[in-house]
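Asks: Sharing the feature lines straight out of TrEMBL:
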BINDING   Gly163, Glu164, Ser165, Gly166, Ala167, Gly168, Lys169, Thr170  ATP binding site
COILED    700-727  coiled coil
COILED    1138-1253  coiled coil
COILED    1306-1351  coiled coil
COMPBIAS  598-609  compositional bias 'Polar residues'
COMPBIAS  1100-1115  compositional bias 'Low complexity'
COMPBIAS  1117-1131  compositional bias 'Acidic residues'
DOMAIN    8-60  domain 'Myosin N-terminal SH3-like'
DOMAIN    1500-1776  domain 'Dilute'
REGION    596-620  region 'Disordered'
REGION    630-652  region 'Actin-binding'
REGION    934-953  region 'Disordered'
REGION    1087-1133  region 'Disordered'
Amino acid sequence: MAASELYSKYARVWLQDAAEVWKSAELIKDYTPGDLTLSLQLEDGSKVEHKIDPRTNNLPPLRNPNILVGENDLTALSYLHEPAVLHNLKVRFIDSKLIYTYCGIVLVAINPYESLPIYDSDIINAYSGQNMGDMDPHIFAVAEEAYKQMARDERNQSIIVSGESGAGKTVSAKYAMRYFATVSSSGESNVEERVLASSPIMEAIGNAKTTRNDNSSRFGKYIAIGFDKKHCIVGADMRTYLLEKSRVVYQAHGERNYHIFYQLCASSHLPEFKAFKLGCADDFHCTNQGGSPVIDGVDDAQEMCNTRRAFSLLGIGESDQMEIYQILSAILHLSNVDVKDQSADRCSILPDNAHLIVFCELMGVPCEEMAHWLCHRKLKTTTETYVKSVSKMNAVYGRDALAKHIYARLFSRIVGSINHALKSAVKQHSFIGVLDIYGFETFDVNSFEQFCINYANEKLQQQFNLHVFKLEQEEYMKEEIPWTLIDFYDNQPCINLIEAKLGILDLLDEECKMPKGSDDTWAQKLYNTLLKQNAHFDKPRLSNRAFIIHHFADKVEYQCEGFLEKNKDTVNEEQINVLKNSKFDLLLKLFEDDEKPTSSANKRSSTTGRAGPSQRDNKKTVGLQFRQSLHLLMDTLNATTPHYVRCIKPNDDKAPFTLDPVRAVQQLRACGILETIRISAAGFPSRWTYQEFFSRYRVLMKQKDALRDKKQTCKNLLEKLIKDQEKYQFGKNKIFFRAGQVAYLEKLRSDKLRMACVRIQKTIRCWLARKKYLRMRESAITIQKHVRGHQARCYVQFLRQTKAAIIIQRNVRMWARRRCYQQQRSAALTIQCYWRAYMARKQYYKLMYEQKAVVIQKWVKGWLVKRHYRRILAAIVLLQSCVRRMRARKELKKAKVEARSVEHFRKLNVGMENKIMQLQHKIIEQHKENRELSERLSSVEKTQNVDRDRQSKEIENLRKSEQEARAKAGTLPSLLEQLSFLQHELEQTRREKEDLEEHTKAYKEQTQQVVDELNMKNTSLNSNIDELNKQILEQAQQLTEIKTNVDNTKQLDKDLAEERSRYQSLLSEHLHLEERHRDLKEEMEFNISSSKSTHKRTDSNYSSNSSEFSQSLGSTEGEDSSGQTEDETETTVDLPILLKLQRRVKELEQDKQSLLQQLDKREEAQQEKAKEVEEQKTARRAELDLETLKRHEVESENKKLKQDLNELRKSLTTENSDLMPPAPGSLPYDILLEQLTSSNDELEMRKEEVLLLRSHMVRQEALKHRDSVLGESVKLDLSEVPSFQDVDRSTDIHTLNEDGELWLAYEGLKETNRLLECQMREQERVHSEKYRTLVEEMKTLKGEKDQQQQLLAQTLCLPEDARIDASLNHEITRLTKENLELMEEGEKQDKTIRKLKKQLKLYMKKIEDFEASAQRKNSTPVTNAPVRAVNITRKEKEYQGMLEYREGDESWLLKNLVTDLKPRGVAVRFTPGLPAYIIFMCLRYADNVNDDQKVSTLLNSTISSIKGIIKRRGDDFEVVSFWLANTCRLLHCLKQYSGDEAFMIHNTAKQNEHCLTNFELSEYQQVFGDLAIQIYRQLIKCMEDILQTLIVASMLEHETIQGVLGSKPTGLRKKSQSASDEEAVTVEVLVQRLTLFHTTMSQHGMDPDLIKQVVKQQFYIICAVTLNHLLLRKDMCSWSKGLQIRYNVWQLEEWLTERELNNCGAKETLEPLIQAAQLLQINKKTEGDAQAICAMSTALNTAQILKVLTLYTPVIEFEERVTTGFIETINNLLKDRNDSSTLMMDTKKIFSVTVPFTPSSVALETIQIPASLKLGFLTRI
């Protein structure tokens, strides 16, 4: 294809740019060959002219189509070049927030500088078992690929993680190891935790903060994780490379030392670290140089706790840890040792230097020696040895070298301890190595460390190039296409420059051996030897102490200064010798490795006589060690299958999701990504299968070109489209394209689709325009029709309105005139009325005036007469008083004269005192009366004066009025006439008034009635309103209560569901641990037995003692265990453990023998006792039979006597008798009376005999059953009762009575006496208990009294409020205590009531049976008459729903019914739940015979058998479903027949008769409920394993119509082709599987509610797995895939509808998947769309919504990507949501299951046992 076809108008290209490296531009006109410039337009709108070199004619690289932008694999890009790679990474990293991208076999990881939720265990589970190309790029995908290839190919694997500092190498390696630890279950305990625990330790001692990274690894490491044959982690091994020791003593600005030092300083306050005398990090020289002792967001104290915890997890004890921390503390103090300068070449350290003293104390060395050798050094010659002082600078160098050396040795020691802890005794079968090594580095100043790092990267790049080339070659050979050698960059010359003979390292080692070697002389040797011979070596122009190496990534200039010193890594040997003499054990262990080399060197030096040079020659340089370890690493990598992870640092500012193009391109070049792209682009980078090519590009062919052979069709199409056959090749299964060909095909496809779209748009627009015209024409006609009709209606309306207006005017005028007339008439009447009323009132007032004058005259005249009479009366009274006063005076004089005489005084003295008192009293009263009368008189005088004045005034007025009346007397006749007229009118008005009053009264009554009615209605309405308000308030309260109750109920339901799920998960975990414990126990016993015996057989004693269930387990697991033993015999066995186990086995065997002997003795004793008991039983049975016969005889005689007595009474009292009864006192009466008394006496005697006999029978029965189980429950004291054998009655009985009746009576009396004594004892015991209870009550009452008194005394001291509170608290506590006691008593009473009810039912049943039997006996007539011969038919047996079995048959029963049963045959042919019914019928028999041992044995064996079958065949859905249904049915039977009224509601009368009578099995109900939950969870797990392989393929990957929904080209990471040969997995296959599950559960008789819960769980698994894969697969997030998902979900919903399962909650579980599909199809542009998305996506959390929008990828050209602005809008709208931040749905979540009670209608007595079950030993009762 010509360039003009590609570089046409609107084609987009890349132009180089200094700031952005590459920027996009678009051609604004076509390019023709020969043009010297390209007319381009940049994205900002500016136009540029790009010049083309006419010699090379190199055009700018083309951009890929938009559909290919953001691909998971860079090799899927059509144009493979640097700008395409950079742009694709930028789009994925910045726009899509995706940090992982494939580049062929390499995973490119960009550090996001932000924590992402993509490393949870759910993500690990999602990637586990998936093919690498099926999921989005991830470190877990690389780890899974390595794990899978190790398991499939049985070849060791390696994951090579490289990148520069801060790129995220350590984190990537850590996540890879976490993945291996999660997906592989270990055979040893905690081995995965131990492997992961090594990371915190290595980060603490090997990582530090740098300017580029806060947690930079300053060493390289290779961790080999070992696996066994079952691919479980068994251990690990770690190798480290090139630790940066210089960081111990020096850090640049902004950097830190190793983390462990700061962790120690942060934990210095702990008591265990007090002896180290540490402080803060700023106090030590080796931790304060960088000036940045704290890392943001990192707590060093907490990190120290994590480090110590990791040490403990690895088995490194606390004492060993403290020794490590002691050495690290010593290094801190050593850095603070101050060296004083004495002269130019002399220095000293003060003897009281505190840090040196602490250092020597911690290291256990003498302080003087260490101070001496820090300032001196020893020089050795051939003859003498000199001690020479050193300068201060050299002393500081020596101090720092010592610190570095100690730290390096400690680092190696810790690594060795970790390797020892991770080493396993189990043989390692394979391993996966994780290499975390530094990437290519270039700084402003590059030294020895950068040289070694870049050397290692050269070696790794060479291995990478060879591997990539090898894979390309294998792919071409596999597809059988011709290939040519691809030219790729070979960096072997650069490697030879470094490591070959006379190379850089060789010359460096040689210079180190020279006595006077220096960096300058070494640099001159390099120039002289390599400058002209090697093209990769160069010399800088302006320096003679540096050299340049042309690496594969870039040119690097190295400064020679310090190379020799760092390569030698010299330490003062005398300082080391001082440390070797230490008393510190760990310090000695650090340097014990030097003993062997030095001893061998001393031997050689003694023979030669030259000690110094031989030791120097023997010591390896750092460069040599690194080269050897690097060669060993390369050998390891070459022996494994490598997997590459290249970590990229996006920017130097640590800004999240920000990409610096310049830095990114540098790292892409350095890590070999672009070289990979170049190698891929040199061959055939684009590869399509024939099916994919046909599905994608079938639009480019015509219908007739499509053949049945798709391969031939693709060949024909390509030959037409691409003329140059060099641009593609046809393989066996794929088509290979050169770079750019896929873009050309995409251009053709988009053009074809665009033309088709234009044609479709043309046709649709024409159809739409015509449809619009026809609609407008029809609308116009309709409008005209309606307008004309509207006008006609308006005219008619006008005419009607005119006529109506005239009529209205006429009537209005008439109404106005009439209204005016009525107003005038009403006014005239009103005036007349008022005038007449005025005149009447006037006349009335006149008459009233005259009448009042007459009345006044009458009263005045009467008043004058009364006044005259009062005056006369007063004068008379005054006269009388004067006369009486005169007389009184005379008498007084006489009395005075008489009083003067003594005799008269004496005569009158008698009684005078009393008289005087009386007189005085009378005088006082008279004085009071006088005073009152005087007051009255004065008041009367006052009133009389007032009246007099008023009357005088009235008299004057009357005189005036009289004069006026005389004047008006002439006008009296006219007034009389007027008066008569007025009277007449007054009468009329009175009549009118009366009429009006009557009318008003009636009107008032009516209105009052109306008002009353209205008031009544109003009151009723008010009452109704009040009632309604009350009802509204009540309803509101009820609604609030209902709402609160509903909320509380929902919360309680939620809490209950959570608690139930938590309980069920804990239950399953507990059962799993029990099974694990049982397996480990069996394995331990098996190992013991196998170690004891040479052949592989179990011990016979063990097998005989083990249960049949364990034997069946052993038989089924024999093959696995044999395989394990073969593996174990190959491994080495720990000898001490083996000896201990053998000793333990011997002890167990001795205990076993002793127990067997004791068992034999007990069995013999039991047999002897059994014989004796049998003999006694036979004798007692004979005696018992005799006694029963005698008792029956006596009872029959008693019955006869009673009958005779009754007949006699009847004869005496009958009314129909002919003779009258004899009279009292007569002879017959006396005879009858005597007979009656004698019969009564005889009856009493017989009664006594019967009592004696019954007591004797009771004793015999008790003796008979004394040794049985029932005898234990009979509480009779039989120890004092002598047996018949103890009594010699052979002679005494005959002497007393021939038949022994007297002896029996005597024995009976004794028995009754004993019974009475027992009753007395019982009463005495009851009395004592009552007395004890009364004493206790008295004590409690006394205590309460004391307590109340104390409380009263306390409360009296308190204030009133506190007193009330205290009394209330006391009362509350007392009431709560009483309530608790009452509740306990109530519970006890309920229990006793239930027991008594059961006993009552039992007794009632026995009484009914007894009465029925008695009636049958009485109803059978006893006749001796001959009867006619009849045929006797056998009655059908009435079964009781029980199955009888013998003791010991439980094992056979459960073997045939559980272990060996095939569910399919039972489910199809027999009653559902038949095994459960059979087991329950056997349980009823055990309950009926009251044998608790049988009940517990049967139930426990059933539980064990079901657990065993679930354990062995837990992966068989049919088996698990069958036993879940039967376990639930057995649980329901236990509830239904338990006798509990709550479960007996739906029972029939017969079923109620079958209830359990003797045992209460509620605890076993709980056990079977837990067992059902365990089986349910196993069913879900089994179902999940089956569905897991179908869900993704059917719900996501399968397309209903191939090619219609669109597909995108892929890269080298293709999906696995294994499924292509098989039948495609569609949603119909998934529905068929669901149907099979549902049918199987229904056939097994599973409860419908339980089936609904299973279906709900199934749909949740489908939703969770589908959504998780959707969130992890960018290629699935498209509009067409959303349509496909919604169609698949609709089919699942239809399946639910067909089976009437819509209300089981399964639809709700699919809601997240439905919303995710809608999210893929909804518009995603405007803010309204964002709000609609937020309102719609209620079942998805914020992280999931943003992830779907971020991953949305157009499949066809007409779709658009979601902009970052829209995603930010969504994020802002969802900011206030309080939802989970987890990205993935929990696929392991199991909803809490409930097993509701479902009664059975199956009658137990109708169940038949099939012969195929081989249960012939069971008998129906």
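A Cβ is built for glycine as well, from the same backbone N, Cα and C atoms used for every other residue.
Give me the lay of the land around each of these features.
Replies: A sphere of 10 angstroms centred on the C-beta of Thr170 (ATP binding site) encloses 22 other C-beta atoms.
Same-chain residues lying 6 or more positions outside the coiled coil (700-727) and placing a CB less than 8 Å from one of its CB atoms are 1, 690-691, 693-694, 735, 737-738, 741, 744-745, 748-749, 752.
Summarised by DSSP class, the composition of the domain 'Myosin N-terminal SH3-like' (8-60) is 0 helix, 24 strand, 29 coil.
Taken as a whole, the region 'Actin-binding' (630-652) shows an average pLDDT of 89 in this prediction.
With DSSP classes pooled into helix, strand and coil, the tally for the region 'Disordered' (934-953) is 20 helix, 0 strand, 0 coil.
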Asks: Could you give me the DSSP helix, strand and coil counts for the region 'Actin-binding' (630-652)?
Replies: 9 helix, 8 strand, 6 coil
Asks: Neighbours of the ATP site Gly163, Glu164, Ser165, Gly166, Ala167, Gly168, Lys169, Thr170: Cβ within 8 Å of the Cβ centroid, same chain, sequence order.
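Replies: Going along the sequence, the neighbours appear as Asn111, Asn213, Ser216, Ser217, Gly439, Cys647, Lys649.
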Asks: Name the residue among the binding-site residues Gly163, Gly166, Gly168 whose Cβ has the smallest number of other Cβ atoms within 10 Å.
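Replies: It is Gly166 that, of the binding-site residues Gly163, Gly166, Gly168, has the fewest other Cβ atoms within 10 Å.
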Asks: Say we define neighbours as other CB atoms within 10 Å of the CB. Which of the binding-site residues Glu164, Ser165, Ala167, Lys169 has the fewest?
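Replies: With the binding-site residues Glu164, Ser165, Ala167, Lys169, fewest surrounding Cβ atoms within 10 Å: Ser165.
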